[in-house]
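Copied over from Swiss-Prot, here are the features:
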- Ala13, Tyr14, Ser15, Gly16, Gly17, Leu18, Asp19, Thr20, Ser21, Ala40, Gly121: ATP binding site (BINDING)
- Tyr91, Ser96, Asn127, Arg131, Ser183, Ser192, Glu268, Tyr280: L-citrulline binding site (BINDING)
- Thr123, Asn127, Asp128: L-aspartate binding site (BINDING)
Amino acid sequence: MSTNSSIKKVVLAYSGGLDTSVIVKWLQETYNCEVVTFTADIGQGEEVEPARAKAEALGVKEIYIDDLREEFVRDYVFPMFRANTIYEGEYLLGTSIARPLIAKRLIEIANETGADAISHGATGKGNDQVRFELGAYALKPGIHVIAPWRDWDLTSRETLMDYCAKHNIPVDYTKAKKKSPYSMDANLLHISYEGGILEDPWAEAEEDMWRWSVSPEAAPDQPEYLELTFKHGDIVAIDGVEMSPATVLETLNKRGGAHGVGRLDIVENRYVGMKSRGCYETPGGTIILRAHRAIESITLDREVAHLKDSLMPKYAEMIYNGYWWSPERQMLQTAIDNSQGPVNGDVRVKLYKGSVTVVGRRSNDSLFDEKIATFEDDAGAYNQKDAEGFIKLNALRMRIAAQKGRKLL
């Protein structure tokens, strides 16, 4: 690849691992440019500060290490769950929802440092390249994006290690070191596993793969109950204790994981065209989704709830495919957020051997009317004779069709 002399400074999404450490040196050599590294703490459970020393050893002068955990949950995870979002009926979008925040921060740092370009370590086969770059172009249309995995001739871990040896790149790997058989990605919402034996969709994942949860079979024999308090669609307290968004998710991850909640094994349709198998642990998100639907069940108008449900698959697709910063996602978000005004109250859930069961819900904004819903004497609150006219009017079009000879059988 020829160098581009117009690029003087590049902001790299930097983990401190093998791939992105190689990318730092490759950018320096290929573009003869200055590299700014950006490392985000979004709850991946690893120390991010060591990335500073690694970047310094590679000659990086401008190093950003940002704690984005609260922003991630407050501005991305919670808004997503207000829509009860799942992709293809199962996936809670743990990886997808983290990418818009990283893209935004890359652009902010590019603006702050006067960088000409941004770079990432996503491969040319996956969805993340699309998510990062769609976000970047939406937020800064003229930005250059450098995706080394689409350009260089380093095609394996072995060639990366050879590159490190040749260029004296300090990494915490050796050729002899045993590598995890899985490609993993983690943040406060989930941890994902791909590759290895999972590339055979018939092979069951090994038990020692799972890191956030016990197996449902080994979970406690006694259930645990949680009381979750909602305000405008977001959880603000657990068992009466007010918490920040990130603390809510951290707490639910621990409590749910201890009971084997949130494991998922799916084959999903990637935006780039292929099918991919992944395993996920999303204990906190699984609890939030179940509880949020429960509080909406008593606080939302029926037609509002049904309309939200009809829009949700498209909203989920937007997030999965990388269109968080699109006008259509923002339009839907405005409608979704507007619906959450009355979504206040408490939900009681039971965690037991991999399951989340809603066992109670209450709200001062509840539309549930016991006097009308009762099977006992409703004291005239509901006139059952009214149902006859309701049924006949709704049957009218079908009766006319039958009278005109339309055959159904």
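Any Cβ shown, glycine's included, is placed from N, Cα and C.
The shown structure was predicted, so the numbers you read here are calculated from the model rather than taken from an experiment.
For Ser96 (L-citrulline binding site), the number of other Cβ atoms no farther than 10 Å from its own Cβ, over all displayed protein chains, is 25. Taking every protein chain shown into account, Tyr91, Tyr280 are the binding-site residues, and of these the Cβ with the most other Cβ atoms within 10 Å belongs to Tyr280. Ranked by how many other Cβ atoms sit within 10 Å of their Cβ, the binding-site residues Gly17, Gly121 place Gly17 at the bottom. Of all the binding-site residues listed (Ser21, Ser183), Ser183 has the fewest other CB atoms within 10 A of its CB. The two recorded residues, Arg131 (L-citrulline binding site) and Ala13 (ATP binding site), have Cα atoms 13 Å apart. For the recorded L-aspartate site, residues Thr123, Asn127, Asp128 set the reference point as the centre of their Cβ atoms, and the other residues of that chain within 8 Å of it by Cβ are Ala122, Lys125, Gly126, Gln129, Val130, Arg131, Val272. The binding-site residues shown are Ala13, Asp19, Gly121, Asp128; of these, the one with its CA atom nearest the CA of Tyr91 (L-citrulline binding site) is Asp128. Counting only residues at least six positions away in the same chain, the Cβ atoms of Thr95, Ser96, Arg270, Tyr271, Val272, Tyr320, Asn321, Gly322 sit under 8 Å from the Cβ of Asn127 (L-citrulline binding site). Inclusion criterion for the binding-site residues Gly17, Asp19, Gly121, Ser192: a C-alpha placed within 10 angstroms of the C-alpha of Asp128 (L-aspartate binding site); this criterion is met by Gly121. Using CA atoms as reference points, the binding-site residues Thr123, Ser183, Glu268, Tyr280 were checked against Gly17 (ATP binding site), and the closest is Ser183.
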